[in-house]
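As recorded in TrEMBL, the features of this protein are as follows:
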- 70-518: domain 'Major facilitator superfamily (MFS) profile' (DOMAIN)
- 70-93: transmembrane segment (TRANSMEM)
- 105-123: transmembrane segment (TRANSMEM)
- 135-154: transmembrane segment (TRANSMEM)
- 160-185: transmembrane segment (TRANSMEM)
- 197-221: transmembrane segment (TRANSMEM)
- 227-246: transmembrane segment (TRANSMEM)
- 267-287: transmembrane segment (TRANSMEM)
- 299-317: transmembrane segment (TRANSMEM)
- 355-377: transmembrane segment (TRANSMEM)
- 389-406: transmembrane segment (TRANSMEM)
- 413-431: transmembrane segment (TRANSMEM)
- 495-513: transmembrane segment (TRANSMEM)
Amino acid sequence: MAHTVTVQVLRASKEDEKIPLPAQLGPATLALTLSTDEGASERENAANGIKNYFGDRPDCFKNTFQEVSFVFQATIATATSSFLTGVCLIVTASIGRDLGMTQGQISWITASTSLVAGAFQLALGQLADLVGRKLMFIVGMGSFSALVLLTGFAQNPYWMLIMCGALGIPSAMVVPPAMGILGAAYKTPSRRKTSAFAAFSAGNPLGFVFGSIVCGVATSISSWRAAYIFVAVVWAGLAVFAIWAVPNVESFAARSPLRERLKAMKNFDYVGTIMTVSGMGMLTAALTLGPGDGWNRPHIIALLVIGVSLLLLFFVWEKFFPTPLMPPHIWKDRNFTLNALTRAALDYMQDIQQLSALTIVAHLVPMILGGIMWNILAAKSLHCINNTLIMAFGSVGYISAGLLFAFMKQDSLYWAFMFPGMILTVAGGDLQNNVANIYVMQSLPPHQQSLAGGIVNVVTRLGSSVAMGITTAVYSSIQLSPENAEDPMLRYNRTFLTCVAFCGAGAIFVPFMRLGTQGNSTKQEATGHPC
């Protein structure tokens, strides 16, 4: 059966016929060409509309795949420390039994890493700006892999603790250059920038949960050593991939010789480094040892007094040194603030509910989903919702989570208390970190972006150390009281109420912040249509 196909050929107008055409082309071909050009123009306009809405890709990235790869690497960088914490917290008891460690030594498995990382964070942030962000990032990822591998083969408590302390240095090396490159690459406010920083902020909570999951699975299949070996292999691969994925966004001229860059070390704040390393180290050590040894012991008092004194001297010194580790003007801004909640929840599940490692891991899965959900929400809302309101919502999330945890009983349903508490905890951390990260990065010039990253992390670590020291003291004091024998949950309830008090104190300052929206171009801000 024959089919008849009717083709309608568009004829060109007389004016079109005046255009000289090659012999093989006719008016119909010209009409088709013009139609194709119009279609291409429409597609180009649509693409430009999307680009104007989302923002241009920074020139330092060769293509979108490299841009996505670097944002992934930056997210992994901020997840490095929390990933290791998640690994350690699940298997501290197994490590202690295997290596014959005392309770005091076990507490230093995670504390030593945090102590060293917090002490060196500022110095390494300034060093990244002076010597090279990409170089420090790759060296940090590679050295982290090597030290984690050595930790996995630890044969005694001293080997374990020395390696855990050493891991603090590469943990502190990777975050400032990652933040520095992010801040310098995405100089122009745009939705692209807020999306990149939202992904970056997701690294901390997601790293903790994924670390717990990896450790729980590896431990159930083999032993705690398998978890460390797995982490070493993954980070080695990331270090190699970073050679291509991480762009060269430096504070110095392109292809500047290493000799010239090393001359910049004369501007390095050596005195400030000694003060902050010593002060942070002593203060963190005192807050870690105090709950167990007793706050009235001479060595605890000495560490506290000397540590706080050195930090106060450090702030005075920074006012006079021309290239300070922590520029004083950043503290004159009332919008600069941060705070931290999940350790006691893990202890509750291990101690009171006697849950296995894999069951605890399953209970932490909502934090992954919440972390993804809240960061997507942050990326879509920072440019059209006043950031003071976002900070307020984060504070409400923290307080609500603390209250849910505080009123739990030994036989409380997971879905009634723990599940919503986990979701709200991540909401508080992710929303406030998104606002704080972008704001602090915008507070310092492009050549100090890695230093800005160091400031964010050292403030976070210092706040966490102080809060952990106080909550641990509350926990220990209740544990030794007669009331604890009657109600094993009492020490956890009081600890969570202390967390609520911290979160409430932070929430008091939110109404005094004056934050607008972030991620809009000047034109969008002027027209009043950020969304």
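Just so it is clear, glycine is given a Cβ too, placed from its N, Cα and C backbone atoms.
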Candidates 160-185, 197-221, 227-246, 495-513; stretch with most C-beta pairs under 8 Å toward the transmembrane segment (70-93): 197-221
Proximity verdict for the transmembrane segment (135-154) and the transmembrane segment (299-317), three or more C-beta pairs under 8 Å: no
The transmembrane segment (105-123) in contact with the transmembrane segment (267-287), cutoff 8 A, at least 3 CB pairs, sep 6+: yes
Residues of the parent chain within Cβ reach of the transmembrane segment (389-406), under 8 Å, 6 or more residues beyond its termini: 339, 341, 344-345, 348, 378, 381-382, 417-418, 420-422, 424-425, 427-432, 434-435, 492-493, 496-497, 499-500, 503-504, 506-507, 510-511, 513, 515
